[in-house]
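According to Swiss-Prot, the protein has these features:
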- Ala2: N-acetylalanine (MOD_RES)
- 2-35: topological domain 'Cytoplasmic' (TOPO_DOM)
- 57-72: topological domain 'Lumenal' (TOPO_DOM)
- 94-102: topological domain 'Cytoplasmic' (TOPO_DOM)
- 124-186: topological domain 'Lumenal' (TOPO_DOM)
- 208-216: topological domain 'Cytoplasmic' (TOPO_DOM)
- 238-286: topological domain 'Lumenal' (TOPO_DOM)
- 308-319: topological domain 'Cytoplasmic' (TOPO_DOM)
- 343-355: topological domain 'Lumenal' (TOPO_DOM)
- 377-383: topological domain 'Cytoplasmic' (TOPO_DOM)
- 405-473: topological domain 'Lumenal' (TOPO_DOM)
- Ser417: phosphoserine (MOD_RES)
- Ser425: phosphoserine (MOD_RES)
- 427-473: region 'Disordered' (REGION)
- Ser454: phosphoserine (MOD_RES)
- 455-464: compositional bias 'Basic residues' (COMPBIAS)
Amino acid sequence: MASCVGSRTLSKDDVNYKMHFRMINEQQVEDITIDFFYRPHTITLLSFTIVSLMYFAFTRDDSVPEDNIWRGILSVIFFFLIISVLAFPNGPFTRPHPALWRMVFGLSVLYFLFLVFLLFLNFEQVKSLMYWLDPNLRYATREADVMEYAVNCHVITWERIISHFDIFAFGHFWGWAMKALLIRSYGLCWTISITWELTELFFMHLLPNFAECWWDQVILDILLCNGGGIWLGMVVCRFLEMRTYHWASFKDIHTTTGKIKRAVLQFTPASWTYVRWFDPKSSFQRVAGIYLFMIIWQLTELNTFFLKHIFVFQASHPLSWCRILFIGGITAPTVRQYYAYLTDTQCKRVGTQCWVFGVIGFLEAIVCIKFGQDLFSKTQILYVVLWLLCVAFTTFLCLYGMVWYAEHYGHREKTYSECEDGTYSPDISWPHGKGSKGSEDGPHKHPGNSESHSSRRRNRHSKSKVTNGVGKK
């Protein structure tokens, strides 16, 4: 009797909540192609771990202290990634393999712990650590100390404009193409692009390299590099949205060419989500959520410049571009989880990768403030307040413009919940692309296909699904 009283039957809301959170935090693999890659191999990994540790512990030369420390750190990272594959969640993506995204999450946890460790060091210890990683950093200089910015802006010649198309211009272009692939909204991408140029103006008194001529900011940065990258990224998004994916199993492909093509397709998304950051029923919570998204995005970008300015290393140094690539890698699942949290009322909490990304952004800012107190003592509080107000205004203006566009030019359609197949809101409208859209966390179904949707959902329940390498029916 006591056990009956103590037990609690989960309500429908509790079940929906757990299901919705799991869809963005623990995506399951459906339509498994090669069973070997999705079977649990825990005993094999355990044996490999023990044997490899014994081999390196008793056979390598440990007479060089620096090599001992370096190889020990690499071994810790390597085996932590093995634990990540075994224990961490898949996240919202499953292509090319869930193990990859578990390792991405594991690397983000390691970086988070490394930032916590840095907070308990002094500046000399941090610099000694950097010199140990790369002795050439002893002779590094700040770009702002050897270059001039925003000089002779009234002189505009073709030679001067062409000279600005360097490797960094191509970096801007491809960087914004990738950002457009992640955000998938013209309005939000353009808002972030313009807001970043305003951010440079407000923080120009701290970072001299933010000073640019007006034609460099408006024409080269916003219109050509950023705008071209946004256009390319959105074209790719539109192509993926209109494309129908038929993920055939290797067992169903009998030609060598077909098997090779299927292997290449394994490194493309299983499906693509049509993203709607804004809808005509947006509330204050939606505005606040997108405002927070833009603030964290701008903060992450600012950290890139403050870190290399405070700790003195060039933008071309591996410490800079490796961090940029790493942040880009963890941004993909982060944006996906935050979008689901922001747009689906059934998702009551953010995913773990999104949580870790937010902590990393603020920890990097704290590290910059601690070790750059001389720099931040020159901060003009008025500029920071105006920057926050400017971001808030542009967020509201962009949201209002997107809502106005949706109300006047959007097509009224039934829409399904971001994480749930069977629920929709018929009174929300926004512009929709052609064809049926899918997502990494489950295909979006068209309202007219309710019968086929139900049958497909029943069929999916009978297929094998994998979570953290453990297969279950």
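Each residue, glycine too, has its Cβ placed from N, Cα and C.
On a predicted model such as this, the values are computed, not experimentally measured, just so you know.
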- the topological domain 'Lumenal' (343-355), counted residue by residue under DSSP: helix, strand, coil: 5 helix, 0 strand, 8 coil
- Message: For the topological domain 'Lumenal' (57-72), how many residues does DSSP put in helix, in strand and in coil?
- Response: 11 helix, 0 strand, 5 coil
- In the topological domain 'Cytoplasmic' (208-216), how many residues does DSSP put in helix, strand and coil? 6 helix, 0 strand, 3 coil
- Query: What are the DSSP helix/strand/coil residue counts across the topological domain 'Cytoplasmic' (308-319)?
  - Reply: 5 helix, 0 strand, 7 coil
- Could you tell me how many residues in the topological domain 'Cytoplasmic' (377-383) are helical, how many are strand and how many are coil under DSSP? 3 helix, 0 strand, 4 coil
- Same-chain Cβ contacts of the topological domain 'Cytoplasmic' (308-319) under 8 Å, 6 or more residues past its ends? 126-127, 130, 133-134, 137, 140-144, 168, 207, 209, 368, 371-372, 375
- Taking a Cβ cut-off under 8 Å, which residues six or more beyond the ends of the topological domain 'Lumenal' (57-72) line up next to it in the same chain? 132
- Query: Do any residues of this chain, six or more beyond the ends of the topological domain 'Cytoplasmic' (377-383), have a C-beta under 8 angstroms from a C-beta of it, and if so which?
  - Reply: 202-203, 205-206
